[in-house]
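As recorded in TrEMBL:
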type	residues	note
BINDING	Ser130, Glu201, His229	Mg(2+) binding site
BINDING	Arg364, Asp378	ATP binding site
Amino acid sequence: MSRARSHLRAAFYLEAVSPRGATTRTAARRALSARPAPLKPGMEYQDAVRTLNTLQTNASYLEQVKSQQGDPQTKLEAMELYLARSGLQVEDLDRLNIIHITGTKGKGSTCAFTERILRSYGLKTGFFSSPHLVQVRERIRINGQPISRELFTKHFWRLYQRLEETKDSKSRVSMPAYFRFLTLMAFHVFLQEKVDLAVVEVGIGGAYDCTNIIRKPVVCGVSSLGVDHTSLLGDTVEKIAWQKGGIFKHGVPAFTVPQPDGPLAVLKERAEQISCPLYLCPQLEALEEGGPPLTLGLEGEHQRSNAALALQLARCWLQQKDHRGIGELTASRPSLLQQLPLAPVFQPTSHMRHGLRDTEWPGRSQVLRRGHLTWYLDGAHTSSSMQACVRWFRQALHRGERRGSAPEVRVLLFNSTGDRDPAALLKLLQPCQFDYAVFCPNLTEVSSTGNEDQQNFTVTLDQVLLRCLEHQQHWRHLDEEQASPDLWSAPSPEPGGPASLRLAPCPPHTHSSGSLVFSCISHALQWITQGRDPVFQPPSPPRGLLAHPVAGSGASVLREAAAIHVLVTGSLHLVGGVLKLLEPSLSQ
């Protein structure tokens with residue numbers, strides 16, 4: 001136990017640590033910071049964010065309610081009450097012409113593609129998504145841009161005060177939780193701004209997600225399905241498909257991408273029960289026949305599935321709104337393999353092509369080239385999305401390979417949260433043959449001052465540091481396994497996944513990759529960059545940063561490398577913290 005505590009203390013005081021002998025027995029809980037008391041409403045953006053953060057569920061309460069799950073239907077009923085208290089009725093949401101999108105992998109990218117396509121037609125768009133990367137106002141966008149600090153502040157205090165005025169003294173909960181509040185706020189913003197349409201991304205699940213108070217969307221979409229959030233949605237992809245299909249509405253067209261037979265059958269059954277016409281999206285290649293190839297603004301082969309879904313959603317919306325140049329929505333032919341009608345095969349218009357090409361969605365298959373450093377940012381956090389991330393990263397490395405004898409270094413920066421299986425995710429990353437693996441919490445700095453947008457009260461500091469040590473232990477174990485030829489074999493793709501994702505066995509390492517744990521993202525980046533990133537130029541390294549032997553020797557290697565390739569993955573919150581430091585303009 002003393003050994004584990006010494007590791008925690010070392011990480012907290014900015015040192016890289018080794019896990020040998022470390023244990024993960026319960027440490028004294030130490031909160032990231034005390035939950036701030038509600039502030040008297042002012043007109044400053046940071047005041048609004050701090051007050052919003054008081055609506056987060058703190059760590060101890062979260063552990064308690066996990067074992068006391070009530071009737072999920074009551075959550076939607078509560079959301080309707082909050083909506084009424086805020087001054088709106090469910091019927092008011094019908095005026096927003098909503099496109100409602102759920103899924104496990106790619107739903108955010110699908111939303112981004114869809115919004116950008118429709119904006120290219122000159123339509124005024126609203127876009128609600130989660131999580132945010134740098135600033136919370138990113139979750140609510142008008143015409144593709146996060147709402148301004150002034151607009152966020154105005155709408156936040158207006159909604160907050162309205163809910164305060166209408167609270168019931170007998171009610172135990174007078175304010176909606178963090179995500180519910182932002183969902184309500186997005187509806188108010190979109191109505192006030194008189195958007196032509198709103199693209200709404202489901203938070204978690206579908207059936208009982210607070211966004212599912214939307215009763216009359218124009219069209220619904222389901223991106224690729226997999227296993228995630230098992231404590232809330234179920235431990236099989238079929239149970240998760242049942243939750244995702246909960247957004248289907250009577251008579252409202254819905255589209256999905258090719259799925260494994262099990263979850264697809266569940267989606268089909270859910271749709272048939274309520275007479276929801278469900279269509280299967282054809283591959284993007286089918287829409288490219290007879291015309292030039294489509295160019296996507298987001299990198300990675302896996303984005304083609306998201307783009308195909310977005311094209312169908314946008315076309316369906318335009319057709320239902322009698323937009324000129326768009327034909328009627330009719331299925332082209334039955335899908336013999338998946339027993340669903342195939343969505344129309346059509347030639348994308350020039351507006352659609354431009355929309356796909358101009359789509360931007362930071363933190364997803366994103367590359368930043370900065371002198372000797374190249375950053376590869378992808379918030380993959382499920383097995384299927386990590387497989388896609390690995391394939392994209394290896395292809396990007398091959399394209400950017402430099403000719404010469406000077407050494408190039410590969411670095412992994414990783415963290416995972418929630419009930420995800422870090423060992424499974426890390427095993428998928430092994431074939432990338434990193435020279436160093438770096439682990440840190442999703443904390444931009446040790447101090448929360450100035451980082452209110454990224455505060456998280458649902459975990460304690462001890463919890464996140466111990467989890468990083470566990471990640472390091474998993475990595476070392478996998479590294480030792482890979483060094484033994486008889487133990488290492490290629491990982492199998494997910495059931496129903498493309499065979500092209502199979503990874504060939506790698507020859508045994510002649511040396512093990514170094515691994516380090518840092519207490520925050522800033523210190524991890526200081527070690528990785530060694531002052532060589534032209535934008536990220538922090539003060540001199542904190543005392544003790546190079547105390548560990550791997551940190552000291554690795555620093556010399558990084559300073560002399562001809563190129564440094566850094567993959568940041570495992571958590572969108574980690575990616576957001578890295579972007580905050582690498583792209584200061586995102587904090588403006």
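Backbone N, Cα and C define each Cβ position, glycine as well.
Nobody curates TrEMBL annotations by hand; they come from automatic prediction.
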Quiz item: If you draw a 10 Å sphere around the Cβ of Arg364 (ATP binding site), how many other Cβ atoms fall inside it, taking every protein chain shown into account?
Solution: 26
Exercise. Do me a favour and check the Cα-Cα span between Glu201 (Mg(2+) binding site) and Arg364 (ATP binding site); whole Å is fine.
Key: 16
Practice problem: Do me a favour and check the Cα-Cα span between Asp378 (ATP binding site) and Ser130 (Mg(2+) binding site); whole Å is fine. | Solution: 15
Practice problem: Give the sequence-ordered list of residues that share a chain with Ser130 (Mg(2+) binding site), lie 6 or more positions from it, and have CB atoms under 8 Å from its CB. | Solution: Arg139, Phe179, Leu182, Glu201, Gly203
